[in-house]
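According to TrEMBL:
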DOMAIN    2-214  domain 'Glutamine amidotransferase type-2'
ACT_SITE  C2  active site, for GATase activity
BINDING   D102  L-glutamine binding site
SITE      E365  site 'Important for beta-aspartyl-AMP intermediate formation'
Amino acid sequence: MCGLLTYISADATAPVRRAAIAEANERLHHRGPDEAGVELIDNDVVIAHKRLSIIDVESSHQPLWYADGRYVMTYNGEIYNYKELRAELIEQFGAKFDTDGDSEVVLAGYHYWGTEVATRLRGMFAFVIWDRQERRGYGARDQFGIKPMFHLHAPEGVYFSSEKKALMPFTDPKDLDEKNLSHYLTLQYPPEPGSMHRAIGRIPAGHYVQFTAGSQVSTTKFFEPTFRPQPVDDPQRLYDEILETLRESVRMHMRADVPVGAFLSSGIDSTGIVALAREFNPNILSFTMGFDVPGNYNELDVALESAQHLGIRAIGTKIGPEEMMSALPQIVWYLDDPVADPALVPLYFVAKKAAEYVTVVLGGEGADEFFAGYPIYREPLSLQSVQSLPKPVRSGLRAVSKVIPEGVKGKSFLERGTTDLETRFVGNANIYDEVEKQRILRRYDPSVRYTDITGPIYAECEGLDDTTRMQYVDMKTWMRGDILVKADRMSMAHSLEVRVPFLDVEVFKVASRIPLDEKVRLRGNHTKYALRQALNKVVPPAIVNRPKMGFPTPTRVWLANEMFEWADQILATAGCGHLIDLEYVRGLLREHKAGTADNSRKVWTILVFCLWHAIFVEQSLDPGVTRASSQLAAKPAVGSFVS
């Protein structure tokens, strides 16, 4: 894993910006503390890199050159089929290689295959290539958006970077995109392809870009995650195909020249990955996380039990409210943009612990979106009795639902059952509705609606069943804006690479064909039904059928108790009151403490934004992140691993 930064000048006669780029590149130090490189090319292109050495540790230095200096590349990611592609390039074109790593395969692939190279890559990646002969650039981001790539169009030229913070010196930090602030209040993250700053955007997942010096960047889609559910005559054959495809993906994701571990929670996703990884490395280490609080907030004991079932070592860690309050400014700094998912905090700490032992970990991200794992995906089945009624009848029932008092059984069922999918489901988070946003935003714009984001996505998947449409929307919003941002930034904060075997193009090919009745079932409250059946052969039954917990965090409890004064102080002194009515939010916090309403998610969303605004806009808060914080101690020898 690495960090990339590239600048292409709009004017070759302008002063060289190498020093400025080199300084900005230091903001990516945590992504690659092993090596740094900055190259000035033909006086108008600067390519910078931070390297975390994982494959071909002694070689594959970056920026990487190819074809006698014609091409130069900076690259972030891992290509798991690079050995197969390398053999194909040698056989088909007689390609020559100076390294044994995956980076040079990408460069050679571009030389021989052109822009088609992105379609052949199986892995996670973001890269920029400059062709000195043609004076043309090419870049790409992986199919599912696992690796980030930001871009900035400025008067002096175009910039690309792995993280937004490296681009902030080249734009106005106060030039915010208030449309994305509105979307953030609903979704708990700013959606692709924008960011919280108007001038900085993101290359969309599954797209490549082309550009020349002084030109605009053209963007082309090379991958579309299309669901095509098909009837299943032989369910066991489907389960076997899922298992074998996932097993092969895990095998390829374990290719590395450094130690590989795995995250382990209480659920089927990470447990299944660990069970398969154990087949290739019986000594694999797993890492898990818990909280110092009673109640249903601890996956630690269950995860340790799973590790014992599988016969692997597990290392657990716990945190309390003090650690959460202390770490949150650093977490927000690593995020670049505000993401108000409380699960960021435990992931940050479990990644920190894992980085003491290994350089790479496997994670279970993507399983819920691919195989229909969220409980909300069962809702279309439960609402069928209402949704199948004639429209006039549904309209009448909706009117009835409006007059039923809050808290009366059946009100929510009627409301949701008489509301179309596009309106009721905006993804896995729905923090503030439009009425609340009108109250909280100082400059509320009624023309900015969450349907601006989800509407076009729903239009792309018309004709599919409602559950599959929900999966598709989540893949293009929640997964990209929350799940994968969380995984990348919280691991990279500690110079740790997270690999996600579920998010593999071959795994998706299988998952995309699964019919509805093999995804969710009302009887037994099943989600990810086919995946659970597939993993039955490698995971103990008690774990296969365990309900999803989803990395629960005790923010609800702590905001009403240990974290109340801390949260109130942030809201009372924040410098973003011209954007948000902070006194109103303080009122929500007091309601939460009194126990009259659970406002924890609403308050947390604003707390994260306040800290983000102080760090990146006002630049008044030092998050406490130093270059030294990402300097890792040497990994212990395998013999010193403890459980």
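Positions of Cβ are set from backbone N, Cα and C atoms, glycine also.
Model, not experiment: these values are computed from the prediction.
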Local confidence of the domain 'Glutamine amidotransferase type-2' (2-214) - pLDDT mean: 92
Integer Å distance between the CA atoms belonging to D102 (L-glutamine binding site) and C2 (active site, for GATase activity): 13
Cβ contacts of E365 (site 'Important for beta-aspartyl-AMP intermediate formation') (under 8 Å, same chain, 6 or more positions away): D269, M479, I483, L484, A487, V498, V500, F502, L503
Conformational class of E365 (site 'Important for beta-aspartyl-AMP intermediate formation') under the three-state DSSP mapping: coil
